[in-house]
Amino acid sequence: METIIESRQRINSPGVLPPPLSPLIVDVTPKERASISNVANILLKAFGHYEHPDFISALHLNAFQLLPERIAGILSRFGTDFSRHQYGALVFRGLTEVDQEALGPTPPSWKETDYSKLVKYGFICSLLHGAIPSKPVQYYAQRKGGGLLHAVIPDEKMSHTQTGSGSRTDLFVHTEDAFLFNQADFLSFLFLRNEEQVPSTLYSIRSHGDTNAIMAELFKPIYKCPKDANYADDENAGEEVTTSILYGNRERPFIRFDAAEQIYNEKAGQTPEAMHNLVRFWDEAKQLIYNDFVPDSGDLIFVNNHLCAHGRNSFVAGYRNENGQLVKCERRLMLRMMSKTSLINIQSVTQLNDPYFIMEEHYGKLFHSQQ
């Protein structure tokens, strides 16, 4: 008779299950959705803002006590699962209702965002991170901080850039802030609007299966990554630090990767060996990109930033396709939150009096003048 241990070994043995090629999609029930909305309203009355110190300090307790049990359980397991079968992303379909009238028109860019209209959504996103458990943080490298919640809006002035404000070119898959050693551990993307019906793209290092010869070359610390298009060219100059693309366990690696900046940016300055390895890897990775999910209003994508890269297809902001005709609509609006599982490990790169504010500029270098 087969023992439990033998059964588990058989199930987990190589070749039994194929590598994951898509995220787990969780359909949130009407009861769960109503519960989450009610909880957010209660927290809004109690604390006023999702950045209130008393709320943030008790975030994990609030998350496990207040979120629907199924949702909290899914996130808690997700936070500790780095296995061969873990894709590294979750989709919560229909997480929350969005009052489009109360939201008002989408502003021209993130700079004009009225965050007073988004406080409830900030509570919802932070609770999800709290259930990992992980702590929302902000980065000086991203909008000089800008708070724990960022509105991501297509900006016509940046439409051709490889940033969240772009639209007219595909945003290549990337792990968030691949030019930092202390990049976010987890990301959430809450879609308030996506009337243009833009697919979100995801790519998981787990989709390759076991580490192959091409991937093994990416453990070498020979790769450069400039800061992204949010920075001027002179701010990107002279970045000579090199690091690996893959790190951690060699059989179940993590990834730090930005195709746009490390491969397509001519100023990256990769060595011939590094570029050769990157191009070979990218040829494989491109075949594994998932872009079958088109977010609707109220959907949320939750990502392990060490396992899964994200991006989006190109689109014409403010227009949707109806029977082959472009029809004007409200421009897309998404909310991003980032978090770290430990504040202890990042204290050397945070503001002295704010352990949630990360001051890393590029691979360990700090924005010293802003401390």
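A Cβ is built for glycine as well, from the same backbone N, Cα and C atoms used for every other residue.
Going by what Swiss-Prot states, the Fe cation site holds H174, E176, and the candidate of H310, H362, H368 recorded there is H310. Within 8 A of the CB centroid of the Fe cation site residues H174, E176, H310, the other residues of that chain are V173, T175, A178, L187, D258, V303, N305, A309, G311. Within its own chain, H310 (Fe cation binding site) has A89, V173, H174, T175, E176, L187, F189, S200, T201, L202, Y203, I301, V303 as residues 6 or more apart in sequence whose C-beta sits under 8 angstroms from its own.
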